[in-house]
Amino acid sequence: MQNHQCDEEKGPPSPQETKVQSEGGLNVTLTIRLLMHGKEVGSIIGKKGETVKKMRDESGARINISEGNCPERIVTITGPTDTIFKAFAMIAYKFEEDIINSMSNSPATSKPPVTLRLVVPASQCGSLIGKGGSKIKEMRESTGAQVQVAGDMLPNSTERAVTISGTPEAIIQCVKQICVVMLESPPKGATIPYRPKPASTPVIFSGGQAYTIQGQYAIPHPDLTKLHQLAMQQTPFTPLGQTTPAFPGTYPPGPGDVSAVFTVVTVSGLDSSPPASTHELTIPNDLIGCIIGRQGTKINEIRQMSGAQIKIANAMEGSAERQITITGTPANISLAQYLINAR
């Protein structure tokens, strides 16, 4: 389906990702990429890798999963069309099983649909949508699945996410139709594949010690503590309780820039309440929607999680950027910055 290789744990797929084999009749080999969150990937891998091994063995498809230090992972499925559809069916039914299991501990009565996200070159999305949306409408009506093509490309790539929701049966039929369209309309030009970015971890400094935040716990980090002490000796740091100018995700630092290693919280004690301060950020206009979310859901979530006040300035005519003002304690501001950057 795509003319690129992926950095996967089990090695890249064959360069001949779309070919027709004459032996035994028409047999098209495809590569399909799925975007999954960590929890979904954990379900696919299973205990000691047993689930993914079973899927590989029973479907006959190659199923590779990208490196594990990212919140999102790419699952690549390669093989003749019949093996790909078997693998898709197994994944869809596994997700349905997960939904049923989660509902047994939940008061919810209506079962949510199974949802899969495909990663498709943007140059093929026009064929998928069809003239005036005719093709995508036809897919929805004939399969019963909901299909949505993202308007924006995934970060640093020329690919878009295509979200399919419905029953496992509807999803399988929909994937078959999408594969036909992809084969009829190959990608135009080179495709820059989407590679999920590793998650940056917030760091707190307290009493000369560095702690990384893991879930609800602050875990001492001796290596960062040494760097922090070195930075305090050699770098003109702002006073305790104030944020440093570093920004989450800005490392590796430049030569001699030790302070850039730190994700900006310098607190005199974990229980202390430093005075509120204000920090300003500028964000490109084309990214602001990701931060605000539909009807403000994401920005409200960031406000609640960080405890900071966050104001987004109105768009200025002729400006390609928007200003965000964050007010709160240094810890609040740092967490808000981290959550904004993670979007």
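Backbone N, Cα and C define each Cβ position, glycine as well.
Keep in mind that TrEMBL annotations are predicted by a computer and have not been checked by a curator.
Record features, source TrEMBL:
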COMPBIAS  1-11  compositional bias 'Basic and acidic residues'
REGION    1-23  region 'Disordered'
DOMAIN    28-96  domain 'K Homology'
DOMAIN    112-183  domain 'K Homology'
DOMAIN    275-343  domain 'K Homology'
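Mean pLDDT, taken over the domain 'K Homology' (275-343), works out to 84 on the 0 to 100 scale. Using DSSP to sort the residues of the domain 'K Homology' (28-96) gives these counts of helix, strand and coil: 37 helix, 24 strand, 8 coil.
Under DSSP, the residues of the domain 'K Homology' (275-343) split into helix, strand and coil as follows: 34 helix, 20 strand, 15 coil. Helix, strand and coil counts from DSSP across the domain 'K Homology' (112-183) read 37 helix, 20 strand, 15 coil.
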